[in-house]
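Quick look at what TrEMBL lists:
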- 7-16: compositional bias 'Polar residues' (COMPBIAS)
- 32-166: domain 'MARVEL' (DOMAIN)
- 1-20: region 'Disordered' (REGION)
- 37-55: transmembrane segment (TRANSMEM)
- 67-89: transmembrane segment (TRANSMEM)
- 101-121: transmembrane segment (TRANSMEM)
- 141-162: transmembrane segment (TRANSMEM)
Amino acid sequence: MAEFPSKVNTRTSSPAQGGGAVVSTLSPDLGFVRSSLGALMLLQLVLGLLVWALIADTPYHLYPSYGWVMFVAVFLWLVTIIFFVLYLFQLHLKLYMVPWPLVLMVFNVGATVLYITAFITCSASVEVTSLKGTRPYNQRAAASFFSCLVMIAYGVSAFLSFQAWRGAGSNAATSQMAGGYS
């Protein structure tokens with residue numbers, strides 16, 4: 001058995017006062033909710049919920065066109081919830097290696113394009129799939145109207161996120177640290 005060396009220098013240190021375990025609490029950033037990006041995300045969530053709830057209350061499964069509208073509405077609604085939570089609790093700052101202004105711009109542009117197709121599909125299918133004046137007709141017509149509004153909201157978000165990505169008025173480092181919303 002090897003003998004323990006006689007000249008061993010061990011040094012112990014105690015944590016600095018107050019420097020013990022770091023406890024991170026998630027607190028909402030109410031400034032984000034008041035920002036244009038936060039307000040538009042809330043608008044997208046409410047309008048998107050209206051679109052898919054109105055269509056889900058009709059026999060949409062009989063018509064493939066409404067299957068596409070439901071997919072777009074529910075998928076983008078869920079992804080918008082994820083982005084909203086990331087920004088509300090400032091989790092995007094913890095994932096600093098992700099270029100959030102670029103990610104948000106690509107998402108908003110993609111969502112705008114998908115909602116353009118959903119709006120056109122929903123609007124073109126209203127007259128074909130139900131009798132005028134009936135409850136399903138009214139719900140599908142309302143879904144078309146709200147899909148147009150949510151399409152516009154995503155378009156405005158795409159424009160604003162393009163400006164944030166481009167860095168209008170600031171450099172990339174300050175817009176990244178500021179959270180990318182104004």
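Cβ atoms here come from the backbone N, Cα and C positions, even for glycine.
When DSSP labels each residue, the domain 'MARVEL' (32-166) comes out as 118 helix, 0 strand, 17 coil, counted as helix, strand and coil in that order. Residues 37, 44, 51, 65-66, 68-69, 72-73, 76, 79-80, 83, 144, 147-148, 150-151, 154-155, 157-158, 161-162, 164-165, 167, 172, 175-176, 180 of the same chain lie 6+ residues outside the transmembrane segment (101-121) yet bring a C-beta within less than 8 angstroms of a C-beta in it.
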